Each structure stands twice: as C-alpha cells, then as structure tokens.
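Read the structure below first, then the notes.
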Amino acid sequence: MPAPADREKALDAALAAIDKNFGKGSVMRLGDEVRPPIEVIPTGSISLDVALGIGGLPRGRVVEIYGPESSGKTTVALHAVASAQKAGGIAAFIDAEHALDPDYAAKLGVDTDALLVSQPDTGEQALEIADMLIRSGALDIIVIDSVAALVPKAEIEGEMGDSHVGLQARLMSQALRKITGALNHSGTTAIFINQLREKIGVMFGSPETTTGGKALKFYASVRLDVRRIETLKDGTNPVGNRTRVKVVKNKVSPPFKQAEFDIIYGQGISREGGLIDLGVEHGFVRKSGAWYTYEGDQLGQGKENARAFLRDNPDLGDEIEKRIKEKLGIGARLDAPAEVDVEEKVDF
C-alpha cells in the first residue's frame with residue numbers, strides 16, 4: 001500500500017484532473033465549505049411546514065403529493081406556487097389533466113398573469129416541456145398535474161382496447177432520471193400530483209397504490225399523503241374540509257409526521273385557522289370554553305370568529321406565527337430566489 005503522503009498526492013492529482021475535465025466543484029469534500037440550510041418554499045399551512053421539519057418544501061428536489069379525489073392535492077400545490085411567486089420566484093404549471101381553474105388559483109394568491117401554463121397532448125410532451133423549463137435555470141417551482149394524466153403517445157395513437165403494459169412507468173422512470181440532476185443544479189422544486197388506484201387481490205395491508213410505477217417513489221425527497229377527514233359546516237351549510245396530510249417520506253427531516261388544517265371552499269388553506277390550532281397546542285393562544293384569547297386580548301368566541309379577527313388583524317397573526325416558528329426551530333425559512341445571499345433570506 002502506498003505511503004499516506006503518496007496517496008494524498010495521487011488524490012490531489014486526480015481531483016485536479018477531474019476539475020479540469022468536468023469543471024471546478026465536480027468533486028469536493030463535504031467539510032470544505034459551510035453548507036447553508038436547505039432552502040424551502042412554504043406550503044401555505046404552518047402546520048404542514050412544521051410537519052416537514054424544515055419550514056416548507058425543499059428546493060431542488062422532487063415532491064410527490066397524492067391522495068383520493070377532491071382531497072386538496074392541487075390546493076396544496078397552488079399554495080406553494082403562490083408562496084414562491086410572493087418571494088419573487090417564477091412558477092410553471094403543467095396541466096396534463098386540462099382542469100386548472102385560473103379563478104380559483106387567483107383566490108389562493110397565485111399571480112395567474114405571470115404563471116407559465118402548458119396543456120400538453122402527450123406525456124412525452126409534458127415531461128419534455130418540464131425538462132426544458134427546469135434546465136433553463138430560471139424556474140423556482142413547477143407543478144405537474146397529474147402523473148395519471150401523463151398518457152404515453154403510443155397509447156393515445158393506439159386503439160381503445162390495446163394493451164400498453166408498463167409504458168407510463170418507463171416514461172416516468174426515464175424522465176426522472178433526466179430531470180433529477182437538473183433540479184438540483186437549478187434549485188427548482190418539482191411537485192408531481194398523483195392519484196390513487198387499488199391493487200386487485202390484496203389480502204393483507206393497504207390495497208392502495210399510486211400511478212406511474214415505482215420510480216417516483218424512489219426519486220421523491222418528500223411524499224405527502226393528503227386526506228379529507230371532515231366536512232366543515234356553518235350551521236348546515238358545508239363551507240370547507242378538514243384535511244390531514246401525512247409525510248410518508250422525507251429525506252430532509254424525520255418522516256411520518258402529520259399535519260391537519262382547514263381548506264375553505266373558494267379560499268384555500270386557512271392560514272388563520274392553522275395559527276389558532278398551533279397557538280393553542282403550544283400555549284400561545286388560550287382556549288377557555290368557546291373563547292380564544294392571546295396575551296389577554298380576546299380573539300373571538302368560536303373558531304370562526306377568532307379566524308375572522310386574525311384575518312382583520314394580520315400583524316397579530318404574524319406575531320403568533322413568528323413565536324410558533326421560534327419555539328419549533330423552523331425560523332430559518334429560505335423562500336427567496338436562489339440567487340439571493342443566504343444571510344439575507346434567513347427570517348427568524
């Protein structure tokens with residue numbers, strides 16, 4: 001075995017050759033540079049940001065959001081788009097389902113005039129467009145809605161009864177191999193919305209599975225299972241849903257945490273409702289009977305009145321949010337564009 005000095009010299013020569021051939025930084029020691037905190041895009045729900053462990057969806061990664069129909073998958077994705085845009089970012093939406101409602105997106109805070117939208121004809125076209133946008137380096141977030149609607153060209157051009165086993169799975173596998181590296185270099189967050197199917201003949205365990213094969217399960221850094229658990233009513237009139245999200249996979253923080261929040265019809269995720277829930281849980285907001293109080297000030301009788309009070313007094317909501325994030329250690333929220341210095345983006 002060569003002497004330690006000779007090994008170090010040989011390694012330095014190899015690293016110099018790699019830098020010359022492939023560019024500086026192609027290989028580096030993790031301890032050479034101080035790694036900044038993971039940049040994130042807030043989800044619009046403080047409870048979900050807390051469950052994710054880092055304050056939002058990680059940038060430069062693949063995120064999968066799946067669940068039953070009308071559970072709130074697209075709503076969560078659109079809130080993330082709105083958060084990215086508010087921080088000055090550029091967003092794209094690949095509408096493979098041809099079902100995007102611009103009016104609803106605008107109500108959630110999405111700048112629909114600036115949103116890049118594509119309604120592709122085939123799955124290949126959708127993923128090629130996504131790849132080109134990601135490789136431009138200008139994008140902060142891209143949403144593909146949905147994986148189930150990414151129909152391969154061969155299936156579209158074939159007859160209705162033809163068998164096309166594994167085509168979509170191969171398409172997704174090839175696409176994810178291409179775009180994962182590009183996402184990391186560009187700092188773009190890619191959200192894949194997915195649907196549920198049931199496997200036939202399952203005797204034990206859950207028969208539920210997602211479409212598009214197994215590649216997305218492997219490449220995703222975060223997987224969110226979105227479920228509607230309750231209908232919110234004003235008297236007898238339904239006004240929204242209580243939604244539970246389980247973080248079933250998380251490569252950037254401990255997984256399996258859960259978040260619950262309210263989605264109000266026509267308004268999206270209730271930020272104020274989330275602040276009240278977490279405020280009560282962590283002792284910042286006091287609940288006595290039906291009354292909610294904060295620092296001796298009454299917020300209202302009943303959650304709806306307290307929610308309305310915080311909506312009318314946004315500074316108070318910001319104060320509660322700041323205290324919650326400081327206590328839970330998720331204050332280092334990096335939701336500004338990637339080119340901004342890390343020190344400028346930290347908000348405690």
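Even glycines carry a Cβ here, placed using N, Cα and C.
If you look up Swiss-Prot, you'll see Gly67, Pro68, Glu69, Ser70, Ser71, Gly72, Lys73, Thr74 marked as ATP binding site, on the strength of sequence analysis. For Lys73 (ATP binding site), the number of other Cβ atoms no farther than 10 Å from its own Cβ, over all displayed protein chains, is 25.
According to DSSP, Lys73 (ATP binding site) is assigned to a helical segment.
Listed in sequence order, the residues Val226, Arg228 complete the 8 Å Cβ shell around the ATP site centroid, once Gly67, Pro68, Glu69, Ser70, Ser71, Gly72, Lys73, Thr74 themselves are left out. Comparing the binding-site residues Ser70, Ser71, Thr74 on other C-beta atoms within 10 angstroms of each C-beta gives the minimum for Ser70. Of all the Cβ atoms in the protein chains shown, 8 others lie within 10 Å of the Cβ of Glu69 (ATP binding site).
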